[in-house]
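Trainee: Quick paste of what TrEMBL says about this protein:
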BINDING   49, 50, 51, 92, 197, 248, 249  substrate binding site
SITE      158  site 'Transition state stabilizer'
ACT_SITE  238  active site, proton donor
């Protein structure tokens, strides 16, 4: 299968090379980064997006910060790395993978006080996070595939695909693995307004891989479900609270309500770093609000009168009772989530 990769690391030149997803599907352009400031901007401006991918890129950002810091004092270095951590975390506050990744890198600095070794260890850890993400996504796909069968219709929202991760994606991982098995899944990809990640990203990557995909506008989902074309809904996540409430791209809540009404299983594809037991419920998840121009102007054309107020939250929260199962790389989690999410993090295996 042909494929697009969102994240590439060139070790010899120590460059992070990112696919500029703002220009898809019309242009395929890559941008090189080698500073923490550049990485911050790539996340903020959505050159890279998707919680797992953001986590990987932030790890490299921490390495660039360490590499380009000439402080000789260990204590001064640690203070500077803490500043980089907080700086990167502020770029997209909803995705918990971001803070998980920067904390993991920061924790490596506590192992020894040899400055040269610390920087090498940080680079090694960033590379490990990148490699682990690929394996995590594949395992999520294998676990999701056990819930599916050939010829199913699947609806997905936004892009929890290969473009949102290092490879395979989370929600799309079973679609790639099904293709390898010779299955014929029929994918319905919500357009996902206002940034159109479903039509510009998910539809693009699946079509390149020769996977059967149909784009629908967000307000067509109910009709497609009512026509029995959808047997499962699979979406990704940016953060899962301790009770199972799940933050994902705006519009996911509406999809979950429709799925519940039509008795269609709703699966959350979730790397375990997306599970945040320190956040008790969905009401505690910070929801990023983005520039209103994402709503008022598309393709250089203004579609909203200038004197009209605009509300543009980037995410919404799906309540745990709308979720059939949360599928992780460690296994499948069923309700009650407040109990079983803790167990999956500690043990693994279907719960």
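Keep in mind that glycine also has a Cβ here, set from the backbone N, Cα and C atoms.
Whatever TrEMBL says is automated annotation, not expert-curated.
Please go over these features one by one and say how buried each is and what sits next to it.
Mentor: On its own chain, residue 92 (substrate binding site) has 43, 44, 54, 98, 288 as residues at least 6 apart in sequence with a Cβ closer than 8 Å to its own Cβ. In the three-state DSSP assignment, the secondary structure recorded for residue 92 (substrate binding site) is coil.
In the three-state DSSP classification, residue 158 (site 'Transition state stabilizer') falls within coil. For residue 158 (site 'Transition state stabilizer'), the same-chain residues lying six or more positions away in sequence with a CB closer than 8 A to its CB are 190, 192, 197, 198, 202, 235, 236, 248, 249, 251, 252.
The Cβ of residue 238 (active site, proton donor) lies under 8 Å from the Cβ of 51, 94, 95, 96, 97, 247, 248, 249, 274, 315, each of these being in the same chain and 6 or more residues away along the sequence.
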Trainee: Let me make sure I understand the structure: which of the binding-site residues listed (49, 249) has the fewest other Cβ atoms within 10 A of its Cβ?
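Mentor: Comparing Cβ neighbour counts within 10 Å for the binding-site residues 49, 249 gives 49.
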Trainee: What other residues of the same chain, not counting 49, 50, 51, 92, 197, 248, 249, have a CB atom within 8 A of the CB centroid of the substrate site?
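Mentor: So the extra residues in range turn out to be 54, 95, 158, 159, 160, 164, 236, 238, 314, 315.
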